[in-house]
């Protein structure tokens, strides 16, 4: 017969063994004398586990020796007894639920702690109640009980030791963490919780990885592969003293030193020790910073240190000292080596004597001498030496060696400056911040008449005129506040009372702390210069008056000429739109041509006046150069075709698409040149070309623009003459071709404003080429003005008949009857449903504005009683919230007229003579 067994482990981790009996048809569980039962009983008695059988009435039917012995009885004493007899009342009551459970057919497993029979301590048992079924009914249960006292005592001892160890670890000031085989933290102490500022549960859950940053000493974040725990596990040995900064949320960094120690244990792979070194790191950084500052300051001051230990004769030279002497950093000096650098033999002997006295009796000394550096360069140094005593005994010699070569050089320079000041032709003196004179050179004595001894240490009240005292106060205020003072021209009074005009240059003089303690004054006699300036100013005033008179004359002439021209050209335009006979239209065209010629002459004279007075203002814009050139060609093509002249345009293929230039002025120049070419070419061709000369940068380009013809040409001796105003090559030119002789002068003036110049190559009878070079910016961007023009033309096209249905009230202010009639005629054509009111001067305009409340005002400028500027200002002062557009109608075409109109409160500007298209554009803009 054999027994089968299996190992059972409780949830507390306590193992015990179960034995199963062989399958028998009947197992009476009683101690009979049959051989079979005797053998079974002997086997079970040898088993250390307690085994018994209790029937359904809880009467014992079997108990092995171990079972009976546990209760201090024999198997025979237990047999046939109720289980209460064996357990006693207390244990029976405690076990009753398990007994009932087993009899109900459920296996029961439980632990029990009971006093030992001797009363000394406790015994621990682990019981197993297995129900036995007969005919599918519980007939009783087998009780298998293990004595686990030793195991439980060992567990309790282990727990006690663990608690002691935990208490010790918690009491440590170092942060401790224990990691399992997966690298997960399974235990931490209180010190680590304090360092990480987290709860234990948060750390065990791994939250520290997301809410804390772990920084290197350079404040970069550690990669996980760089953690000391990862490194220690990888190399399987301790990684010690790794500096880690722990970034707490919105707080300072806690600096720590971490050591990771790998362990070869079943449940533990590593433990870490974390020390808080924040205060030490701050202290170390402060010490390091102080050392760095000291090193930098000694290097800046060029001060080296040295020390000689008397007993050991050990010599120390700092790195700066070696650098000053020009020796290498590995140079090892001896006690007498320093004196070998002294350049002058006499100074060397003196130094040796002083050093000897220092060593013998501790007499410190300071000396400035010249030394010869290792490379042969001679420099000035300042040596300071002292003796260090302990208990009356000389222990060491210590000192510094400072490079003062720059200071010595400055002393020499200052000495030379002092000599220069004495010999200067300018009066040079200096004052302290109290205003007392502290230096006074010979020229100052000569210029102002005061001897040096008369002024040193004094304030000379009469030296500064009463009307310049505030100026002097401001000078010293600026000096004190370290505000820069530029050169100024002022007046000083000499000893004899003469007022002397001087140019004064003031230089602040700081002390070694950088504070301004005095200032030097350089005074130059400028009486002669002042007189020259007065003469020049008088001449300038005379010239300006003459220029102003000329400008006023030109302005008046412009107004007087443009006013009748406005009526002539305007009504000619209206007349050309009426039904005319052929001969009448021919006469009309002749009159129109003559009027436009007169307007062209007036415009030429005005342009020439602007150029001559320097009033040309360039207004660059982005221009598509190819489209621009084609438009210019189209503009003059009609004149060329009439004379059967071929006009060719050549544009370089590599020309930039767009340039930035004053489009109107360039157009004026090219139309003038092309117009002259057509005028002076009887037959043949005209070549208009724009070539790329050079791309100067990614922004600038150089262009050559040329107009070449096969016309009459110009004699060499007359080529310079034609650029002069009102002069043509030959008087016959004027008779044959007409013109004012201003076109080339104006074109050249405009080009000079563009930093260019018109050039000419010509041969008499063969033709001429006028060309110029432009350096301009280029771009690929579309200009805002181009965009506006496209939008404007589109809107004009879409709104051609927009004015027909507008009902509004228009006030026209004009003192000239013809121009009044012309303006009303143009406006009535454009605004057939509008109401028109008139005013002949500014005063009437104000009155009508108040009564009629117009929607739009056209305002002449030069009028009796009140001019247009004054009337506009008055109307603006009377307006309520609504602003009425006021458009200037002026015959003044001189520079600055538009600005004057806008400053007066007008909104836009029309220059006479005006056309129907001009009025249409204005209405398009303001209605």
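Using the three backbone atoms N, Cα and C, a Cβ is placed for every residue, glycine included.
Summarising the annotation, TrEMBL assigns domain 'PAS' to 161-221, 413-484. The annotation domain 'PAC' is assigned in TrEMBL to 365-416, 486-538. Taken from TrEMBL, the feature domain 'Histidine kinase' covers 556-778. Summarising the annotation, TrEMBL assigns domain 'Response regulatory' to 809-927. The 4-aspartylphosphate annotation in TrEMBL covers 860.
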Provide the three-state DSSP residue tally for the domain 'PAC' (486-538): helix first, then strand, then coil.
12 helix, 28 strand, 13 coil
Per DSSP, residue 860 (4-aspartylphosphate) is which: helix, strand or coil?
strand
Give the mean pLDDT for the domain 'Histidine kinase' (556-778) on the 0 to 100 scale.
79
In the domain 'Response regulatory' (809-927), how many residues does DSSP call helix, how many strand, and how many coil?
55 helix, 24 strand, 40 coil
Give me the DSSP three-state residue breakdown of the domain 'PAC' (365-416), ordered helix, strand, coil.
12 helix, 32 strand, 8 coil
What are the helix, strand and coil residue counts for the domain 'PAS' (161-221) according to DSSP?
27 helix, 13 strand, 21 coil
